[in-house]
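As recorded in TrEMBL:
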{"type": "REGION", "residues": "54-73", "note": "region 'Disordered'"}
{"type": "BINDING", "residues": "Ser186, Ser232, Asp267", "note": "Ca(2+) binding site"}
{"type": "ACT_SITE", "residues": "His222", "note": "active site, proton acceptor"}
{"type": "ACT_SITE", "residues": "Ser224", "note": "active site, nucleophile"}
Amino acid sequence: MAPALALAQASDLELRLERCAVLGDASARLACYDVLAKTTPAVQAAGDNAIAAPAGGSEPVRTQPAAPPPAPKIPAKVAALTTIPPEDTVSRMVQEWELDRSAKRGVFNFRPHKDTYLLLANYSTSSNDAPFRDFTPAGIKSKHVELTYQLSFKMKLIEQLMSTPVDLWFGYTQNSFWQAYNRAASSPFRETNYQPELMLTTPLNLDLGVLDMRYLTLALNHQSNGQTSTLSRSWNRIYAEVGAEKGKFGVSFRLWKRLDNARSDNDNIDITDFLGHGDLTATYRFDGHELSVMGRRNFSTRHGALKVGWAFPLAANLKGYVQGFSGYGQSLIDYNYSQKSVGAGFLVDF
């Protein structure tokens, strides 16, 4: 009986490992393995029926192995907490923002923030060359296809600030638009945006029925393209963000207030006319795929933007990625320039 028990336990362990492996989200997959490591019972080692040594000339006596010890009783509440859930019931927001005790990873660890991706070819219907003509007489003649990438991470600086459930995070996002295929112009970087921010995040744990409110964030954000003179674009803002989800669906909403409104030495005083005062992002996950949409709009000026994305599994932490954009502000240099673009490449899920 013992070998059968050991085989059954090993088979169950393999099945549970497979369930963890197919989770599309890296944070959910890690949490699944963590739970499995803490709760998997040791496989009972047992051999076949033992054969007692014969006494004198008598026949060997076949003996029965000792019965395996009874399995420890696990309280129902603990069993429910340690049962590995399917992908759609693992809270991505709880894992990404470490909103409960089981999700805590400590401080000074790199965590994903916004999407990290590489678009090998990003086609734009029209290129915005006017700012460069104002900067240099020759300007540049941009090609419609360029290479675009975004790098983004966050790191927790303080956990449970002043003995409260509030965590202090530092986030950094950088995205670049590279004219890699424009050899006639020496393949310049057309635009790079840098976006550091400090964020105070607290869990909400509010069940609204259709959605579970997960977190509230208050942040100080700076965004700049690092340029000077007429190419300079930058702004500072504070924003409040709430995140909610239900099963495979997630949504986050931000409202921001610009801080640097002085007209002196300001190259983009009207940036909120085009980027609005907030944005809404929604995601839907299924079988390792993720669909996303981001929208923003200034209802007074009727300017805004829409971005859609589709990430699909290729390898453990690598996904194919297709992105479409329409509207104003794809980059800071284009904050008041409307264009449509579509690109394809890879997204890294770490």
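Any Cβ shown, glycine's included, is placed from N, Cα and C.
Caution: TrEMBL annotation is automatic and unverified by curators.
Feature map: annotations from TrEMBL on the structure.
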residue: Ser186; record: Ca(2+) binding site; contacts (Cβ under 8 Å, 6+ apart): none
residue: His222; record: active site, proton acceptor; contacts (Cβ under 8 Å, 6+ apart): Gln195, Pro196, Glu197, Ser234, Trp235, Asn236
residue: Ser224; record: active site, nucleophile; contacts (Cβ under 8 Å, 6+ apart): Asn193, Tyr194, Gln195, Ser232, Arg233, Ser234, Leu332
residue: Asp267; record: Ca(2+) binding site; contacts (Cβ under 8 Å, 6+ apart): Thr230, Ser232, Arg233, Ser234
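The secondary structure of His222 (active site, proton acceptor), as reduced to three states from DSSP, is extended strand. Other C-beta atoms found within 10 angstroms of the C-beta of Ser232 (Ca(2+) binding site) number 18, with every protein chain shown included.
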